[in-house]
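S.K.: Look at Swiss-Prot and you will find G169, D170, R171, Q172, T173, G174, K175, T176 tagged as ATP binding site. According to Swiss-Prot, the feature site 'Required for activity' maps to S373.
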Amino acid sequence: MQLNPSEISELIRAKIQNLPSATEARTTGTVISVTDGVIRIHGLKDAMQGEMLEFPGGTYGLALNLERDSVGAVVLGEYEHISEGDEVKCTGRILEVPVGPELVGRVVNALGQPIDGKGPIQAKASSPVEKVAPGVIARKSVDQPLQTGLKGIDAMIPIGRGQRELIIGDRQTGKTAVALDAIINQKGSGVICIYVAIGQKASSIANVVRKLEEHGAMDHTIIVAASASETAALQYIAPYSGCAMGEYFRDTGRDSLIVYDDLSKQAVAYRQISLLLRRPPGREAYPGDVFYLHSRLLERAARVNAEYVEKLTNGEVKGQTGSLTALPIIETQAGDVSAFVPTNVISITDGQIFLETDLFNAGIRPAVNAGISVSRVGGAAQTNVIKKLGGGIRLALAQYRELAAFAQFASDLDEATRKQLSHGEIVTELMKQKQFSTLKVSEMAMTLYGVTKGYYEGIPVKTALKFESDFLSNIKANHAELLADIEKSGKLSDENDKKLAQAYESFKAGYNFA
């Protein structure tokens with residue numbers, strides 16, 4: 001069979017016309033070096049800051065340093081298979097994580113992938129991990145309480161929905177315990193909780209999951225885990241991923257609470273990445289933008305107004321405000337709150353709960369130091385009954401600590417000082433609370449009423465907690481309607497005041513303190 005030249009040209013023309021025309025212009029680069037998960041790439045002229053880069057084997061990275069002739073990136077995951085000379089592609093996308101109610105009750109990694117063995121998550125929406133915080137006009141003042149269920153915190157350092165309250169203290173002072181109690185106490189309140197574990201042991205994270213499951217709190221909780229065995233990049237990204245998940249609920253007119261446990265480890269991971277990227281080190285070898293690292297994260301926690309929610313939901317949700325409350329945790333070294341990262345986060349947040357080693361070791365748990373703990377905006381959000389009854393608690397504790405220091409050297413004390421010391425001892429004892437035994441507002445009000453009205457005067461300090469527990473049981477059995485009324489209204493009416501006074505008097509008169 002012979003073909004003449006005209007037939008050959010016809011065949012070639014037909015082939016060219018039928019070729020698929022879907023071409024894709026992609027910028028590619030070459031890996032120059034791999035150092036502990038930080039990769040330097042030659043080329044990629046069009047790469048954007050924070051853009052996802054595609055490595056061989058379906059691995060992705062994040063472009064962080066854009067230099068004249070190279071790009072510095074971190075790998076999100078395993079990097080052992082990446083070697084010098086590998087081809088890298090730009091994706092034109094920024095890092096996104098799945099968000100929505102489908103994640104509730106699940107344990108995910110920093111990229112939103114499930115790690116609890118319960119199958120894939122069919123999330124209908126996704127969100128960028130880095131987002132601009134709501135502006136001034138979109139925000140609403142904090143005026144709704146977020147109850148932690150802990151007497152010492154709800155009475156002295158109240159937290160409002162949309163607030164950022166720092167939990168700070170040395171290791172082993174009960175920081176995580178306070179945060180977990182706050183999560184457990186949101187059961188039935190409609191608040192969705194996100195617990196972000198950064199740089200912790202995998203066994204510790206498993207223990208947290210088990211405790212939350214035992215207390216029925218996983219039904220309203222998402223856990224984002226970036227354990228100590230994960231790369232520095234994933235530990236750096238985890239808080240932003242968790243925040244994006246919490247923002248979904250805030251922006252759809254719901255309330256959410258996020259715990260970052262802890263941001264000290266995130267700062268260390270970011271320092272590691274920055275030093276490997278050869279960014280100039282500053283104080284304590286942290287990079288110059290470590291303040292911005294935390295400020296851009298914590299500014300995303302806010303209470304937003306109904307107009308903002310309506311706009312973001314395209315009119316589906318009307319007349320509802322949303323909030324994201326943040327409880328960042330910072331670990332100090334030997335109680336040094338003047339170190340670089342602690343001072344940064346203190347200045348960003350709306351107050352701090354300072355937990356002290358000495359108090360913890362003395363059996364005062366939660367080990368809250370009332371003197372330097374503060375809530376800058378929570379007072380406006382405090383429940384009326386707690387505000388009314390708990391006003392003197394903080395002052396009593398602060399005065400007691402001051403007097404107790406002087407009383408050690410004084411042999412003869414006047415009556416007023418002795419009275420103040422005994423009152424302070426009782427208050428200190430009553431602020432103790434076991435872990436996972438959170439109280440409702442009405443139950444808390446019973447104790448605060450007794451302290452404020454002097455019904456605990458003359459009671460032996462050792463029996464104060466037993467008296468409190470027995471009185472609560474008595475009230476639940478005989479005056480359940482009183483508790484229900486206070487719980488519903490959040491106020492103590494004159495009628496209920498009289499009933500409560502009578503209940504205390506009759507119970508105390510017949511109580512055996514032996």
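Yeah, the Cβs are placed from backbone N, Cα and C, and that goes for glycine too.
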S.K.: Inside 8 A of the center formed by the CB atoms of G169, D170, R171, Q172, T173, G174, K175, T176, which other residues of the chain have their CB, for the recorded ATP site?
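M.R.: Neighbours found: E331, L355, T357, F360, A367.
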S.K.: Taking Q172, T173, T176, S373 as the recorded positions to compare, which has the smallest set of other Cβ atoms within 10 Å?
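M.R.: Lowest Cβ count within 10 Å among the recorded positions (Q172, T173, T176, S373) is Q172.
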S.K.: Which whole-number value in Å describes the distance between the Cα atoms of R171 (ATP binding site) and S373 (site 'Required for activity')?
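M.R.: Per the Cα atoms, R171 (ATP binding site) and S373 (site 'Required for activity') stand 17 Å apart.
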S.K.: Within a 10 Å radius around the Cβ, which one of these binding-site residues has the most neighbouring Cβ atoms: R171, K175?
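M.R.: Ranked by Cβ atoms within 10 Å, first place goes to K175.
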S.K.: Just jot down the residues in the same chain as D170 (ATP binding site), at least 6 apart in sequence, with C-beta under 8 A of its C-beta; none if empty.
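M.R.: Same-chain residues close to D170 (ATP binding site) (Cβ under 8 Å, separated by 6 or more) are E331, T332, Q333, A334, G335, L355, T357.
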S.K.: Please report how many Å separate the Cα atom of T173 (ATP binding site) from that of S373 (site 'Required for activity'), as a whole number.
M.R.: 15
S.K.: Among the binding-site residues G169, G174, whose Cβ has the fewest other Cβ atoms within 10 Å?
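M.R.: Sparsest of the binding-site residues G169, G174 by Cβ contacts within 10 Å: G174.
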S.K.: Compute the C-alpha separation of K175 (ATP binding site) from S373 (site 'Required for activity'), stating it in Å without decimals.
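M.R.: Between the Cα atoms of K175 (ATP binding site) and S373 (site 'Required for activity'), the distance comes to 13 Å.
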S.K.: Compare the Cα of S373 (site 'Required for activity') against each of the binding-site residues G169, Q172, G174, T176 and report the nearest.
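M.R.: For S373 (site 'Required for activity'), the spatially nearest of the binding-site residues is G169.
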